[in-house]
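S.K.: Sharing the features that Swiss-Prot gives for it:
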type     : residues                     : note
ACT_SITE : K101                         : active site, schiff-base intermediate with DXP
BINDING  : G162, A188, G189, N210, T211 : 1-deoxy-D-xylulose 5-phosphate binding site
Amino acid sequence: MDDKLVIAGREYGSRLLVGTGKYKDFEQTAAALDVSGTEIVTAAIRRVNLGQNANEPNLLDFLPKNRYNLLPNTAGCYSAEDAIRTLRLARELLDDHRFVKLEVLGDPNNLYPNVRETLKAAEVLVAEGFDVLVYTSDDPIVARELEQIGCCAIMPLASLIGSGMGILNPWNLQLIIEQSKVPVIVDAGVGTASDAAIAMELGCDGVLMNTAIAAARDPVRMAHAMKLAVEAGRAAYLAGRMPKRFYSAVPSSPSEGVISSVKS
């Protein structure tokens with residue numbers, strides 16, 4: 001089945017995007033990415049060495065260049081200015097790489113997005129030619145404004161970053177999905193495989209996760225589980241679920257031609 005995720009004009013066979021933080025080491029990171037089947041790998045410029053620290057292990061040494069599209073992100077930024085500066089640095093480090101994830105946080109205790117600063121940063125970055133995938137709240141009005149600015153993917157949270165609480169407001173996600181003409185990728189809050197499957201069944205174009213895999217007892221096995229969940233959820237969405245019924249059950253077996261126990 002030819003069902004590709006398309007972001008900024010590039011096609012991807014996998015709809016699972018995976019982060020690189022919180023793993024035991026880069027070897028475990030690489031193993032989890034491998035079994036996840038992901039093609040888009042995100043890394044926090046402020047926390048992961050991508051070449052800015054010459055004396056430390058470099059994540060890029062563990063990632064095959066021809067397999068993954070790197071998605072530098074601005075995790076840890078609390079203002080538009082910080083986020084813009086961070087992604088300009090990423091562009092320098094990565095030879096004019098412009099495929100980026102914008103996130104501007106509002107509170108260090110809950111990591112909820114600051115949508116005002118996010119909108120400000122998005123305007124500048126899009127004007128500078130970046131392909132911006134943007135982390136935001138599940139507010140459909142904000143999502144529409146980010147799309148109008150020119151962001152190439154909208155990434156609403158399912159619940160708070162790192163919470164593992166799953167999808168708390170499927171109705172808002174549905175509104176964003178229905179109005180958007182760019183991919184909608186759930187970002188933050190996924191805790192286990194069923195959360196990923198539900199996101200895909202709702203009609204999301206993809207799911208991004210990090211802690212759900214890295215904080216599992218067996219991250220590599222969980223990465224494989226997430227691969228299967230995203231694929232199953234997408235297939236179920238395309239297949240179309242049966243309608244829900246209340247007190248009007250229809251038997252799965254036909255009633256015609258059955259053997260009757262009534263004596264004539």
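Every residue, even glycine, has its Cβ placed from backbone N, Cα and C.
Can you tell me where each of these features sits in the structure?
M.R.: A C-beta separation below 8 Å, combined with a sequence spacing of at least six in one chain, links K101 (active site, schiff-base intermediate with DXP) to T42, L71, P72, N73, T74, V132, L133, V134, Y135, M155. Under the DSSP three-state reduction, K101 (active site, schiff-base intermediate with DXP) is assigned to strand.
All chains included, 25 other C-beta atoms sit within 10 angstroms of the C-beta of N210 (1-deoxy-D-xylulose 5-phosphate binding site).
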S.K.: In terms of DSSP three-state secondary structure, what is the assignment for T211 (1-deoxy-D-xylulose 5-phosphate binding site)?
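M.R.: For T211 (1-deoxy-D-xylulose 5-phosphate binding site) - judged by DSSP and reduced to three states - the answer is helix.
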S.K.: Find the longest CA to CA distance in the recorded 1-deoxy-D-xylulose 5-phosphate-binding set G162, A188, G189, N210, T211; express it in Å as a whole number.
M.R.: 9
S.K.: Tally every other Cβ atom lying within 10 Å of the Cβ atom of G162 (1-deoxy-D-xylulose 5-phosphate binding site).
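M.R.: Step by step: centre on the Cβ of G162 (1-deoxy-D-xylulose 5-phosphate binding site), count other Cβ atoms within 10 Å, giving 18.
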S.K.: Neighbourhood of the 1-deoxy-D-xylulose 5-phosphate site (G162, A188, G189, N210, T211): other residues with Cβ within 8 Å of the Cβ centroid, in order?
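M.R.: What remains near the Cβ centre is L160, I161, S163, G164, V190, M209, A212.
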